[in-house]
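Here is the structure we will look at.
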Amino acid sequence: MCEFSSLGLADWLVKQCKQLGINKPTPVQEHCMPPILEGRDCMGCAKTGSGKTAAFVLPVVQKLSEDPYGIFCLVLTPTRELAYQIAEQFRVFGKPLGLKDCIVVGGMDMVSQALELSKQPHVVVATPGRLADHIRSSNTFSMSRIQFLIMDEADRLLEQGCTDFTKDLETILAILPAKRQTLLFSATLTDTLHDLKSIAMNRPFFWESKSDTRTVEELDQRYILTPEKVKDAYLVHLIQKFTDEHDDWSIIVFVNTCKDCQILTMMMREFNFPTISLHSMMKQKQRFANLAMFKASVFKLLIATDVASRGLDIPTVQVVINHNTPGLPKIYIHRVGRTARAGRNGVSITLVTQYDIHLVQSIEAENKTKLKEYPVVEKDVLKILTQVNVTRRQCEIKLESTDFDEKKETNKRKQLILEGKDPDLEAKRKAELEKIRSQKKKFRQNIHETIEKQKRGQLKKKIMKRKQKKAGQMSA
Ligand SMILES: Nc1ncnc2c1ncn2[C@@H]1O[C@H](COP(=O)(O)OP(=O)(O)OP(=O)(O)O)[C@@H](O)[C@H]1O
C-alpha cells in the first residue's frame, strides 16, 4: 500500500490526515486522487465505507489552498443528512485554511441560506432541489467560477427514482462554467455510467474497485424466511437477542414507508428498546437531532426509511436489519453498507417472505454473494407472537388518532404541485397502477397455488401407486 505523500498530497494535508487517524490511503483514494490533482474529471466506484469522501475532499482542499477564492467547489448529494456529513469532512480537512462552507438543503431556513451564499463560501454542499430554488429565486451569488462540481451518490442523483432530480440538475448545470473538473462517486455507478459520462467530459478517469462481489467481505449477510404476519415478532426477538448478548450495540432497521417507520418506532419503544426514527415526513430539525442522538449512542436502535440508506457513516452500527426485502439489489447494497465500514465487521439480516424470494435471488445474482440463513429458535419467536401483534395493532390505532395520514397526503399534494403535476390526475393514475399491481400479485399467487396443488397431486398419485404396488405384492 502506498503513502498519501506519494500521491501528490501536500505535507500539511498528510499531517492533517494523520491527526484524524487516516494513515494510509484506501484503494479508491490511491487511484482517484492523482488524476484529480492532475486536473482530470474522475468517476470513482468503490464499495460502501471505502473512503470515497476523502478521495474527493482531500484533492479539492489541496487545490483550494493553492488558489483560494469562493465559490470554489459545489458538492451535490441526494440527502440532507449526507450534505451535513460531507460539509463536516471539508471543515475538518480544511481547518488550517480557514475553509468556509455553506450547506444548502431543503427543510431549513431559505433566507439565512441565501445570506450565507452571498458571502461567497469556498465550498457549497447542497441537495439539488433547494439549490435550484435559490438559483431560480435570487441573484445574490454566482457559481460561474467554480473549479469543481462533485456529485456524491451520483447514480442516485441521475436516476429517475421517487425523487427525480433531473429538472433541478438542469437548472444547476446551466449556471456552472463548462471549464471545471467534475467528480462523480458512488458504490453503484455502473448502471448509470452512460448518463454520467455526458456530465464528466474532461478526459474522465474511471476507476472501479476490482472485486468478485459488490458488498464488503467483512459483512456477514443473512436472511430469515418468515410469513408476513410473523415479521415483527422476528424483529423484536432479534433486537432482544442483540441487547442480551452485547453491551455495546447499535442497530439500524430499514423499512419501506414513513408510516411503517413510525409504527415500528412506537412498537419498539413499547418493548423498551431505546429507539429513534428517521424518515422524510419528520421536520428537518428533528431529523438532524435524531441522527445526532443515534450517532452519540443515546439511542441504540434507529428505524429508518431509505432516506438513511446512502452514505451515512456511523462506525458503531454493527447490525442492519431489512424489515422488508429491498426491491432492487442497488438499494440492498447501500442499506447493508451502513455496517461493516472501513474494515470493521458487521451483520445484515433481511426478513424475507415467500413473495420476496425472487428479490433475494436477484440480489444474490447481482451482488454475486449468497445470503446465509440466520439461525433462530422458532418456538422463542412464537412465544412472543401474540404480544407483538397486539402491540402493533395498538400502535396503529394510536397513530390513526393523530393526523399522520392527513399530513402525508398534504405533503404529497404540495410536492406534486411543485413538480407541476395535477394531484388529482396523479391520484387516478396511481390507483390504476395499484389495480394492475394487485391483479399481477393475485395472478402470481394463483400460479403459485396451482403449482403447489399440482405438486401435492403428484405426491398423492405417487403414494397411491406405491400402496397399490405393495397391495399387489402382498396378494401375490
Ligand atoms: N485512508 C483511510 N484510512 C482509514 N479510514 C479511512 C480512510 N479514509 C476514510 N476513512 C474512514 O472510513 C469511513 C468511511 O468513509 P466514507 O464515508 O468516505 O465511505 P464511502 O466510501 O463514501 O461509503 P458510502 O458508499 O457508504 O458513502 C469514514 O469513517 C472515514 O473517516
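Keep in mind that glycine also has a Cβ here, set from the backbone N, Cα and C atoms.
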Can you check which of 387-416, 447-476 TrEMBL lists as region 'Disordered'?
447-476
Can you dig out which of the ranges 2-30, 118-146, 321-349 TrEMBL describes as motif 'Q motif'?
2-30
Lying 6 or more residues past either end of the region 'Disordered' (447-476) yet within Cβ distance under 8 Å of it, the residues of that chain are 354
